[in-house]
Amino acid sequence: MHGLLLAAAGLLSLPLHVIAHPQPSTNLAGRGVDLDAYRMADRSSYMNSDDMKLKQPGIASLSGGNYVDTATEVVKRMVPGMTFRMVDDHYVGESGISHVYFRQTMHGMDIDNSDFNVNIGKDGKVLSFGHSFYTGPAPDKAPVEKRDFSDPMKAFHGACKALNLPINADKATVQTMNEHEVMFMGTSGAMSDPQGKLCYMAKEDGTLALTWRVETDMGDNWLLSYVDAKETEKVHNVVDYVSHATYQVYRWPIPDPTEGKRETIENPWNLKTSPFTWISDGKTNYTTTRGNNAIAQANFDGGEDYLNNHRPNNKNLKFEYPYAPNMSPKSYIDASVTQLFYSANMVHDLYYMLGFTEKAGNFQVNNHGQGGKGNDFVILNAQDGSGTNNANFATPPDGKPGRMRVYIWTKAKPARDSSFEAGTVIHEYTHGLSNRLTGGPANAGCLNGMESGGMGEGWGDFFATAIRLKPNDNRNANYVHGEWVNNSPKGNRMYPYSTSLQTNPLVYTSCNKYNEVHAIGTVWGSMLYEVLWNLIDKHGKNDGPTPVFENGVPKDGKYLAMKLVMDGMAIQPCKPTFVQARDAIIDADMNLTKGSNRCEIWKAFAKR
């Protein structure tokens, strides 16, 4: 239900931190379009728990009733007179923090990049909140009343032309879904029928634009293009659900084929996190690489179909297939699909233990009454033919399947299959984690800014590195990203992850000279690597495959760091900055351990 209060102009009591970076030249799936030029600004504010006690004591002391009512009262007090709706993805996380999400509205329509998130602690009091609500002048009449917008088909053609999308729409028709949403039927070239939604968008110049949000799933890019509703040749911003990256070898338990031998593992699943096992969805038992959490198959042609693609099948459930690095990739495809399926399910189970559950928006077909939206396992495409020397992960909102494409790497002879590099799968899956947790499960576009997108890459590197740690490692251990797939000891990051400023000199101000998400992500990942070792030095390191908890808190520093970083994702605002994400991790520790690791976390960030 949409509120109908009048929107107020002026400034909110919280400052909006607008972060801008020069734009790199990242092409749109080889079609010569610089998607980074269309990124939204990271314009959220965040009120952490310390600041709130000082600056908003009335909000900090709010409690009573249920957490949804408390969160709604926070929004009403902080943005009086503004209209908004509650998004239907609120939940209580495994750490006891309640997360509630709101979207600003205007004349009954969403302002699509104006969000408010409120975090309620275990004690029922407000822990923190963040927002990016629009505060400028409001249009006096609803555009629907004035019909002051173009035909959606014109906007669709405008998006296709501006972004050079290979979609044929000569015979396309518009099917109305509701007052503000349409579907474009009869097109070809996209992986599903494109959709359109009439909505507002807050621009960087402080004004409001009426737009058609055109959604097109192109495989390597899943785009939300905000086309001006009057001047349909103008595209204001683009959100891409797909995260692209190059990756490193990580241990699960073996990092790559050079560091160990394959072994046969019996029943590797954890029934607490995968109660139907990995090869059932609770309704159907499978004899192939398909189950509740994922479906894995070959995708040699890089196409959209996956259900009918080849996957290994064995009625005795013996997924044992030959592989050697000197074999040609297609000759070991069954081993590749099996490895990819195994690694992705291992990630699912670990992340579930750390808090990425059904109600938090994880990827499962059957949520067996635990909350969230089901029917969204991860589609795992091995040896995907749509590219080489890369991998990507598409994260739509909760209830729609995620999609991981894993490519062949041609930098060695014979070529190398990144399904056998655990870090590739961990990094890619972590894009799904961070996009579902940040801003809530229903909002998968919160990490599309330059700084927030960089953190998305850094989180992927951090989790893969933490999982990769070896028993004898200490804080002097350095980890290079991408040695095996790149066939290079230097990998494909600027510097190794290291606690030495001589080995890795990256600091916060390094971001000023970088304008690409992987470079910025390496800075963020380096900060988190410092947090990791400060907590390990204090609490020790569990070298087992799963965390051990005491009263909901991991007993060791490695898994505690992973837990706090994950909780921070759920606490931080949509489109966070480095500072806001840091504060969210500190607030996560305040909630989980009453701040017992505050000094260790602060020292880690202060160093960088």
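Cβ atoms are placed via backbone N, Cα and C, with glycine included.
From ASN285, ASN486, the position flagged in Swiss-Prot as N-linked glycosylation site is ASN285. Just one residue in ASN326, ASN591 has N-linked glycosylation site written against it in Swiss-Prot, and it is ASN591. Cβ neighbour counts within 10 Å, taken over all protein chains shown, single out ASN591 as the most crowded of the glycosylation sites ASN285, ASN591. The 10 Å shell around the Cβ of GLU428 (active site) contains 31 further Cβ atoms across the protein chains shown.
Around the Cβ of HIS431 (Zn(2+) binding site), the number of neighbouring Cβ atoms within 10 Å comes to 26. Separating the Cα atoms of GLU428 (active site) and ASN591 (N-linked glycosylation site) is a whole-number distance of 28 Å.
The CA atom of HIS431 (Zn(2+) binding site) is located 29 Å away from the CA atom of ASN285 (N-linked glycosylation site).
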